[in-house]
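**Q** Input: one structure, supplied below.
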C-alpha cells in the first residue's frame, strides 16, 4: 500500500533528525497519523519521552518513532530482553506515548545536553595503541613458536628419526596446532573479542567454570614460561663465558644473576608500553631472520677442511639418502620420545590471541595472523630438517688427522667417499661432531657462527617477552571477572592501553622465583601440559558451540570443522599423557579443583556460553522424549503447582513442598496478580526475575510463573490449565489454609472453595497446609499481595508487625531480602509423623510423608499410621493394613486402629461447631420455599437448615476427629490427614470451611490435609 505524502513540518532543530507524531496520533488526539499535533515536532517544549535516547527519524517519507538499524542499538546488550541504546521500546511503539516536562533535543533531556556539552568541552582521551595482524599476531606468534629447539635440537632429531620421520613429527605437531588455529579463528570471529586472549575465548564459549580454571593456570604457565625462556638465554650466555673462562661467580649462580638482570630489562620494556614491546619484538624477529638466512647461505658455501672434519660436506645426494631413514640411538631414540621433545617447539600459537585487547580488529587479525604464523614456521622447520640432513653426516670426529684418500681400505661409512675416515669414533660411539652428536650443527654449518648465537638469543628473549606480556593480560581479564577471591587487586589498568602494571609486577616476582631455582627440568613438562590443556579446551569450545546448534553461533570464519575440532581436543589430551603422564595428571587435578570451586561459588555472570545452549538442548530433547513415554504408577511423581502468591510471602509453604520435591519432581510456584491487565502486566514482568532469584537463593529447586487475572479463581484456573510442559505438568495443587475465612468477603470465600472444586474437576490432587502461626509473612515485608489471600484483608493475623524494605517493583531488593526461617528448615529429631489415612485416595496421603522422611531433617522421625475401624475387628483390620503397607515397601510398621472414631463428640465441642456456623445460616426453618430459593440465589454460601441436618453426621465426624488428633498427635512433628471432600451444589462453602476449621483447630504441629485424585499413586506390583 502506498504511503501518504508527509505533511509540511516546521524547520527542525535536531540537526537533521525529527521528533514527530506517530501513527498513534489518531488514538491520542483523534486526528490522522500524518497530521502534526501540538508538541509533536522537534521544537516542541513537550516532546514524547522514549525509552533510552531514541531519535525519531524521517526515513521512509512518513513520520515514525521507529529508527533505522544502527550499531549502537546492538552494542553492550547481554540479555535477550536488553533494549539497545537508542531503540524505542515495544511500549513506545504500540502504547500511548507518555509526555514528560522539560525540553529535549534528539531525545536527550536538559541534563543529558549538559552532560554532552561537558564531554565536548573536555579534551579527547588519547587513542590506545592498536596493532594489525602482521605486527600484532603473525610476528608475535612466529617468535613464540621459534625457540631454542629450532637451533639446538631439530638437527639432532633429524639425525635420530631421519628426514622422513622428522617431517612426519613436524606435520603431526602442526596438525594439532593448525586445528587449534582454525578453532581459535572460528571462536574469535563469532562476535566482538575483548582483552583476555585465551581465557576470554574459552570462558565466553564454555562458561566461567572451565574458562576460569584454564585462565588461572594459563596465566601462571606463561609466568613460569618467562623464567624458562630466560634461563635458556642465561645458560647460553653462561656457556659463552665458560668458553672464555670469564665466569662471574660459578655456573649455577651465573644463571641466576644473568636471568634476573635479563627479566628485569624485559620488564622495563613491557612497562614502557605495548609500542616499545612491539618494537623489541620486531628487532628480535629481524635477528632470527638474519640468522636463518645466514644458515641457508652457509649450506651452499663450499665446506672448509675444518667443517669437513666436523661432518659438513655441502649438499650431497648420498648424505640426503642416508639421513632420510632413521638411526635410533640412546634412551630417547624412539618416535614418540622425539615427538615429545619436538612438540613444545610447535606451541606458541596463542601469543597473538593473548593480546586481543590491543589489536585493531581481533576478528580479522587472530585468524589471519595465527594461521600465517603456523604456515611460515612449519615451512622453516621442514626446510631446516631437509637442508641440514642433506649436508651433514651423522658421525664426525672433528680431527683434521682423519682425512684419507678416497677408497682407502678399512674405511667404513659415507664420509669415506668424501676423503674422511670417521670409522674409529663411530664404532666406539665417541664422535664429538656430526648431526647425532653435536647440538651446535647449525652454528657450524652457517656462514657466520655468532649470528646463530644471536638467533638463539632472539628466540629465547622474544619468547620470554611474549610470555611476560601474555600472562598479565590474561590475568587482568580474569581478575576483572571476579571468579576467584583475593585477586581483584591485579585487575586495575593504567594508561591509554589499560596496562596491567600490577600484573606485570606479579609475573616478574613469579619469574624471578623460578629463575632463582635455576633448574626447570621438572617444571617444564607441566608448562607444556598447561598449554596443551588450553589447546584441548579451545578445540572443545569450537566443537561444543557447533554441536549445540545455537542460533548465536555464527562465526564469519567458515574454514573449520566441528569434527576436526573434536579430534584436536582428543589428540591434545593424548599428547599430554605422551609427553609426561604425571604432569598431565597434575594439570587435570588443578583444572578439576578450580572447576569445582567455581561450580560451588556459582558466580553471577552470564556470557551466553555454549554450556547454556547445551543445557537448553538437553532439556528440550528430554522433555520431548518424555512425551513419548507412557505413564506408569511406579514412576509417579508428585508434581506440585503451589499457590504461593509471591514466594517470599509464604516461605513455609515453599519450604514444605520444596523439601519433598527437591531432586525428585516438579515444583511450580504460581502467583495470580489481580487487577487490570494493562496496569499489572508491568509489575508482573518486573518482579518475575526477582522471585526466581529468591527461590535460588533459598536453594529451592522450583519454577516461578504468574498470570494477570480479574479475580483469583479465574487466575488459578489459567494456571491449572496452562502450567507445565508436556508430561512435566503439575498433578497436585498445594495451597495454604485460609485462616480468615470467617471475616473475608463472601465472594472471596466462594472463590477459595471453588478453587478446590476446580482442582478436582481437572483431576488434580489437593494438599492444604495449615500452621498455627499462619503462613503469610507479607505484613512484615509490607508488599502488595493478592486480595483473595488472607493477609491482604487481615494481615495482622499472620504478620509480626514492622515494616519491610521490599518493594515489589525492585527485583534486586526482592532477591536480596533476608530469608525467613521456617520449621521445615530445622532438624526434627525423634518426633513422629502421624498419618490419618481415613479414606482411600489412591495413596497420596501416604506418599508425601514418605518422601518427607527420606530427607535428612526428617529422617529420624517415626511414622505412625492411624486408620478407622471397629472395636470387635481391631486385630484383623490392623493386620490387613500392616500387610498392605508392607507390600507398598514404605517402611511404615506402626499402625493404630481408631475404634472410637464414631463416638459422639463432647457437648462443648459440638456447641463450638454450631457457634462457628451460626453467622452463615439462613435460619429458613419457618420460611416458605420461594423465599428460601431467593435467599440461596443471592447468598450461595449460606447454610440452610436442611443442609445442616443432612450433613450432621459428617460435621460431627470432624469434631470427633479433632478430639482424636488432640489426644494422639499433640506433640507430633507433622500431621497428615485425608482431606474431606464437599460435594458441589450440596455443601455450601461456609459449611465446608467450618469442617476444615473444626478438624484442624488448636493443633500445634503443621497439618497437611491431602486428597489424591482417587487414582493409584502406589503399587506393590513390579510391572
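For all residues, glycine too, the Cβ spot is worked out from N, Cα and C.
From TrEMBL, for reference:
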type: DOMAIN; residues: 52-105; note: domain 'Amino acid permease N-terminal'
type: DOMAIN; residues: 136-641; note: domain 'Amino acid permease/ SLC12A'
type: TRANSMEM; residues: 164-190; note: transmembrane segment
type: TRANSMEM; residues: 210-234; note: transmembrane segment
type: TRANSMEM; residues: 255-274; note: transmembrane segment
type: TRANSMEM; residues: 280-301; note: transmembrane segment
type: TRANSMEM; residues: 335-353; note: transmembrane segment
type: TRANSMEM; residues: 373-393; note: transmembrane segment
type: TRANSMEM; residues: 501-520; note: transmembrane segment
type: TRANSMEM; residues: 526-547; note: transmembrane segment
type: TRANSMEM; residues: 567-600; note: transmembrane segment
type: DOMAIN; residues: 650-788; note: domain 'SLC12A transporter C-terminal'
type: DOMAIN; residues: 819-1022; note: domain 'SLC12A transporter C-terminal'
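How buried are the listed features, and what sits near them?
**A** The domain 'Amino acid permease/ SLC12A' (136-641) scores a mean pLDDT of 85 in the predicted structure.
Outside the transmembrane segment (164-190) by six or more residues, the chain places 154, 157-158, 201, 205, 324-326, 335, 338-339, 342-343, 345-347, 349-350, 353, 356, 362-363, 366-367, 370-371, 374, 378, 381-382, 385-386, 389, 535, 538-539, 541-543, 545, 552-557, 559-561, 564-565, 567-568, 571-572, 575 with a CB less than 8 A from a CB of the stretch.
If one looks beyond the transmembrane segment (210-234) by at least 6 residues along the same chain, the residues whose Cβ comes under 8 Å of a Cβ in the stretch are 147-148, 196, 198-199, 202-204, 254-256, 258-259, 262-263, 266, 354, 456-457, 460-461, 463-464, 467-468, 470-472, 474-475, 477-478, 481, 483-484, 506-507, 510-515, 518, 520, 523-524, 526-527, 530-531, 533-534, 537, 587, 590-595, 598, 603.
If you look at the transmembrane segment (373-393), the same-chain residues 6 or more away from its ends with a CB under 8 A from one of its CBs are 137-142, 145-146, 150, 154-155, 157-159, 162-163, 166-167, 170-171, 174, 177-178, 181, 292, 295-296, 299, 311-317, 319-320, 322-324, 345-346, 349, 352, 413-415, 422, 434-435, 441-442, 445.
Same-chain residues lying 6 or more positions outside the transmembrane segment (526-547) and placing a CB less than 8 Å from one of its CB atoms are 176-177, 179-180, 182-184, 186-187, 190, 198, 201-202, 205-206, 210, 214, 217-218, 220-221, 224-225, 228, 343-344, 347, 350, 553, 560, 562-563, 565-570, 572-573, 575-576, 579-580, 583-584, 586-588, 591, 610-611, 613-614.
Residues of the same chain lying 6 or more positions beyond the ends of the transmembrane segment (567-600) and with a Cβ under 8 Å from any Cβ of it are 175-176, 179-180, 183, 208-210, 212-214, 216-217, 336, 339-340, 343, 483-484, 525-526, 528-530, 532-533, 535-537, 539-540, 543.
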**Q** Tell me, please, if the transmembrane segment (255-274) and the transmembrane segment (335-353) are in contact, taking contact as 3+ Cβ pairs under 8 Å between residues separated by 6 or more positions?
**A** no
**Q** Hey, which bits of the same chain come close to the transmembrane segment (335-353), Cβ under 8 Å, at least six residues off its ends?
**A** 136-138, 140-141, 143-147, 149-150, 153-154, 157, 160-161, 165-166, 169-170, 172-174, 176-177, 180-181, 184, 188, 197-198, 201, 359, 362, 365-366, 369-370, 373-374, 377, 381, 463, 466, 470, 524, 528, 531-532, 534-535, 575, 578-580
**Q** Are there residues at least six beyond either end of the transmembrane segment (501-520) with Cβ under 8 Å to its Cβ atoms? List them, or say none.
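**A** Residues packing against the transmembrane segment (501-520) from afar: 220, 222-224, 226-228, 230-231, 234, 252, 255-256, 259-260, 263-264, 267, 270-271, 468, 471-473, 475-476, 479, 489-490, 492, 494.
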**Q** Going by DSSP assignments with H, G and I as helix and E and B as strand, what are the residue counts for the domain 'SLC12A transporter C-terminal' (650-788)?
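**A** Breakdown, helix to coil: 63 helix, 28 strand, 48 coil.
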